[in-house]
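Have a look at the structure below before the remarks.
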């Protein structure tokens, strides 16, 4: 529903702002201007998304403040000019009197006034970018008073001008003084663009978080600001939103139908939020169940009343958010189901390291220079895709790292807890496992910095990890599976650091820096040299020094990324529904969404993809 709100809010905001043209043009001509003009603004709005809001964000606050002051001033003018006694409408008594008199008609009218509170749900999304105190101050001191004055002014105008003898729609611009309509129209369009930008950014954020948690197909996420966290751009979603916004605008061409659709989306989001909030009260705040029940009964009753009133407008536009929600929910369910079943297949077909190494003499496996990073979703065992690779190409790198990038269900992971490193098999195998943990709101670094952080973390694990991994014993198997938390180099400045040189001059310095550096052997032709700068400490073990030297030589030879590309098919004998979901739905999403190379910022020149058919 939030994604649907991201489609409906820009459409209704821009179209309602542009609808003021009808009061400045002759009858019968404005309808040919409103829709094209609104579509042009929407296209320009989405086309400028890749530049980022940080470039024009300094205009947002002045535009919004000017707009709020404008509508509040017009409201005050209408109150004193048309009906000063309209302030009595603030009393809840008149709401009760209205509903008692109109009964079913009054209840049905509740769905039409949902636009009065549309946009307030954006405050919940803004909690990710602003503090609670700033939102409270802005809402109670500026936003709420301005809206109350604006609505009271419109009520005062309509109380004296409720008999309309023309064909114009009764809207906001009718109550605006005629001399101010063009300036207010321009300001309203700017305010609509700012409001649309906020909900579009919120849609990008929620899709990024869903994708990080494995509940949405992989998309390309571009961080458009190096200073402001959360400023992201998703090209695929941006153009899909634009097309759907244009379809809604051209299809409805009426603020009433758009209002019914947006109203149902907003009240559904609020109702679901209230239900989840009752769980937060009990599970997170550890308050009594009675308090949670009272909370959901009070707020839930009011929202159910509005929800039912909005739902009866189903055929008058309210079907749009339901259809959009059903579509996006279907995509998310198909993707999550297929991803989960593929993970279960990989988990059931893991290969032990002893089994893999036992195939070496028969297959003629050789070790080549460099580091091989094998991306996998498994945190234990060797994935079947690698055994498939070795069986067909019996060679792998001098140092192997099974890399697992996990997004955990917290916002941020501390840098000192980023890497989880361990050995696979004996030490002389030079096979490691590294689990990299990110929060769903963490920004991923580029490939060069990530490689250095990864290699330094493995080297630090080798230097400070448990001893005796190369000794046979009753606990040797258990020790092989143990992993250690290692932070990034920035969190342990006293640990091992990587130093890269672009030439090989002064190789004789190795004897003077033997206690501080482990250098690679001299080479004949110039190339990039890699050195591990280790801290001053007691003499390290010979086996550890040899392992660090092998790791350094492999890093100097280069890093190759081995990616698995699985073609998923349903097993024979599966139900028709499963075959449709796996063979058509999930396969279509996999073929048309971004691959791991885009999501993980993998350099294409160093990537090797291995294909394999998985029957699940």
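Using N, Cα and C of the backbone, Cβ positions are placed for all residues, glycine too.
All TrEMBL annotations are machine predictions without curation.
The feature domain 'K+ potassium transporter integral membrane' is assigned by TrEMBL to 1-357.
Residues or ranges marked as domain 'K+ potassium transporter C-terminal' by TrEMBL: 370-616.
Marked as transmembrane segment by TrEMBL: 32-52 (among others). If you look at the transmembrane segment (32-52), the same-chain residues 6 or more away from its ends with a CB under 8 A from one of its CBs are 10-11, 14-15, 18-19, 21-22, 25, 189, 192-193, 196-197, 200, 222, 224-225, 231, 233, 235, 238-239, 241-242, 245-246, 249-250, 253.
Residues or ranges marked as transmembrane segment in TrEMBL: 58-80 (among others).
According to TrEMBL, the feature transmembrane segment maps to 105-125 (among others).
The transmembrane segment annotation in TrEMBL covers 137-159 (among others).
Taken from TrEMBL, the feature transmembrane segment applies to 180-200 (among others).
The transmembrane segment annotation in TrEMBL covers 232-252 (among others).
Residues 1-2, 4-5, 8, 111, 114, 117-118, 120-121, 124, 289, 291-293, 295-296, 299-300, 303-304, 306-307, 310-311, 313, 318, 321-322, 325 of the same chain lie 6+ residues outside the transmembrane segment (264-283) yet bring a C-beta within less than 8 angstroms of a C-beta in it. Look at TrEMBL and you will find 264-283 (among others) tagged as transmembrane segment.
Outside the transmembrane segment (289-312) by six or more residues, the chain places 107-111, 114, 260, 263-264, 267-268, 270-271, 274-275, 277-279, 281-282, 318 with a CB less than 8 A from a CB of the stretch. Here TrEMBL flags 289-312 (among others) as transmembrane segment.
Among the features that TrEMBL reports, transmembrane segment is placed at 319-338 (among others).
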